[in-house]
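In what follows, a single structure is set out as structure tokens and then discussed.
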Amino acid sequence: MDTIYALASARGKAGVAVVRISGPLAFWAVEILAGDVPPARRAALRLLKDREGGVLDEALVICFEKGASFTGEESAELQLHGSVAIVNAVLRTLAKIDGLRMADPGEFTRRALENDRLDLAQVEGLADLIEAETEAQRRQALRVFSGALGEKVERWRHALVRSAALLEATIDFADEEVPSDVSPEVLVLIAEVMIELETELAGAAMSERIRDGFEVAIVGPPNAGKSTLLNALAGREAAITSEVAGTTRDVIEVRMELGGLPVTLLDTAGLRETEDAVEAIGIERARSRAQQADLRVILLPHAGAVPEMRPEPDDLVLVGKDDTGQDDLSVSGKTGQGIDRMVSHISGILSSRALSASSAIRDRHKIAMKEAMASLESARNEVLIGADRTEIAAEELRKVVHSLNCLVGRIDVETVLGEIFSSFCIGK
Ligand SMILES: Nc1nc2c(c(=O)[nH]1)N(C=O)[C@@H](CNc1ccc(C(=O)N[C@@H](CCC(=O)O)C(=O)O)cc1)CN2
Ligand SMILES: Nc1nc2c(ncn2[C@@H]2O[C@H](COP(=O)(O)OP(=O)(O)OP(=O)(O)O)[C@@H](O)[C@H]2O)c(=O)[nH]1
């Protein structure tokens, strides 16, 4: 096994930079640079020197013994003054040590996975944790990283292995005295797992939103003040505004954080009848994107106007360009009147939806869970049919266990690892 090293903190000037080393020669590398191997897990101040004895930096060195580190391997951290020159000089010195090489992206985490410090779902949670930009993303990734999914899978697997064992016991004893009918107990176990899987699957769409962002579309007739409102929310001139009706043609997207949630706001072409072919395409796009969005803010030109689009139950219907706020249900991009109220309404609705988010954060999880569900359904049907189908039922249950094993990466890991780690930073 190679010993790997990498800069774990971001490149560029910083207060402190962290270089990580992991593998059988990690302490050896520390000894070469720092002169000795400080006691494990204690920050020790050392002068780091290159092989010619030139001082590289005064640094904090922390050693982690094999079996008690992030990767599970012998590893060490060099906490350096965060200058580009120091980092480069230290990395150069490490490169010259035989048996050491620069880590690939995600390789430290990969080793943690190989050493059973993390399961695959946790690795995926960790990837999301590093990508997290909003509060909701941080919380979701942390939940997955903490191993919530793995724990559930463990419980499900336990129930299914027990069910299969019960069924198999009846097969083995088929010729002898038949033990009591196990099917009621098996059916209960199967039903319990199915209910929990269903809940996870139902929350998958929401966890996806938290990862990728909710879409909120601003819709209304031309000149309703949509672009001005978007710009006010974005805090910049993301969309062109003008007194000419029909200014916005394409869908304009602005990503922002609303109440801790990642939200993509969509400014859309004003909805009206038009002879202009280009505008008509824009209007068609506006309608379809708005329909697919999670929520719509429908702007009216004046109180009592008929909305351009039929509002869904949670949609907001507001009178736009109302600078003074004569109406509770009004908003002005120009003065900012009503914007706070609108934002808290939107984030309230989206947050309540986000509560149902599950740990199924990737398509891979959804696919494995759907497979598990399908096999569970067949297993249940076979059990219901009767004793002569017991063997088939047990076989279906083994398939479920297989799908669950894939889910947490007990098997078939290699096929997904490349994809997962391609998004990792070097040093993680
Ligand atoms: N400086 C530094 N900060 C960091 C990390 C790191 O590697 N270095 N981490 C890296 O991502 C995260 C912390 N994760 C870690 C996870 C496990 C162990 C570890 O040594 N585990 C041992 C001992 C556990 C214990 O003392 O309770 C073990 O699990 O056996 C260290 C860091 C975030 N902050
Ligand atoms: N008084 C006032 N004028 C506004 C407000 N919002 C927009 N306007 C003006 O109304 C005109 C149209 O505003 P836009 O934001 O471009 O309207 P839009 O709904 O995006 O228009 P289209 O792109 O044509 O669909 C511009 O002249 C804006 O300056 C507002 O809150 N108060």
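Heads up, the Cβ atoms here are built off N, Cα and C, so glycines get one too.
According to TrEMBL, the protein has these features:
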| type | residues | note |
| --- | --- | --- |
| BINDING | Arg20, Glu77, Arg117, Lys428 | (6S)-5-formyl-5,6,7,8-tetrahydrofolate binding site |
| BINDING | 223-228, 242-248, 267-270 | GTP binding site |
| BINDING | Asn223, Ser242, Val244, Thr247 | K(+) binding site |
| BINDING | Ser227, Thr248 | Mg(2+) binding site |
| DOMAIN | 213-351 | domain 'TrmE-type G' |
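Where TrEMBL records a feature, it is marked here on the structure.
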| residue | record | DSSP (3 states) |
| --- | --- | --- |
| Arg20 | (6S)-5-formyl-5,6,7,8-tetrahydrofolate binding site | strand |
| Arg117 | (6S)-5-formyl-5,6,7,8-tetrahydrofolate binding site | coil |
| Asn223 | GTP binding site | coil |
| Ser242 | GTP binding site | coil |
| Thr247 | K(+) binding site | coil |
| Ala269 | GTP binding site | coil |
| Lys428 | (6S)-5-formyl-5,6,7,8-tetrahydrofolate binding site | coil |
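Per DSSP, the secondary structure of the domain 'TrmE-type G' (213-351) breaks down as 38 helix, 31 strand, 70 coil. A gap of 50 Å separates the Cα atoms of Thr248 (GTP binding site) and Arg20 ((6S)-5-formyl-5,6,7,8-tetrahydrofolate binding site). Checking each of the binding-site residues (Arg20, Arg117, Val244, Thr247) against Asn223 (GTP binding site), the C-alpha distance stays within 10 Å for Val244, Thr247. With the fewest other C-beta atoms within 10 Å around its C-beta, Arg117 stands out among the binding-site residues Arg117, Lys226, Lys428. Screening the binding-site residues Glu77, Ser227, Lys428 for a C-beta under 6 A from any atom of ligand 2 leaves Ser227. The binding-site residues Arg20, Glu77, Arg117, Lys428 include none with a CA atom within 10 A of the CA of Ser242 (GTP binding site). Highest local Cβ density among the binding-site residues Arg20, Val244, Ala245, Thr247, Ala269 belongs to Ala269, counted as other Cβ atoms within 10 Å over all protein chains shown.
When the binding-site residues Glu77, Arg117, Lys428 are screened for a C-alpha within 10 angstroms of the C-alpha of Ala269 (GTP binding site), no residue qualifies. When the Cα of Lys226 (GTP binding site) is compared against those of the binding-site residues Arg20, Arg117, Val244, Thr247, the shortest separation belongs to Thr247. Mean predicted confidence for the domain 'TrmE-type G' (213-351): the pLDDT average there is 88. Counting Cβ atoms from all protein chains shown, Asn223 (GTP binding site) has 21 others lying within 10 Å of its own Cβ. Here the candidates are the binding-site residues Arg20, Glu77, Arg117, Ser227, Lys428, and by Cα distance the one nearest Ala245 (GTP binding site) turns out to be Ser227. Here Val244 (K(+) binding site) is positioned 51 angstrom away from Lys428 ((6S)-5-formyl-5,6,7,8-tetrahydrofolate binding site), judged by their C-alpha atoms.
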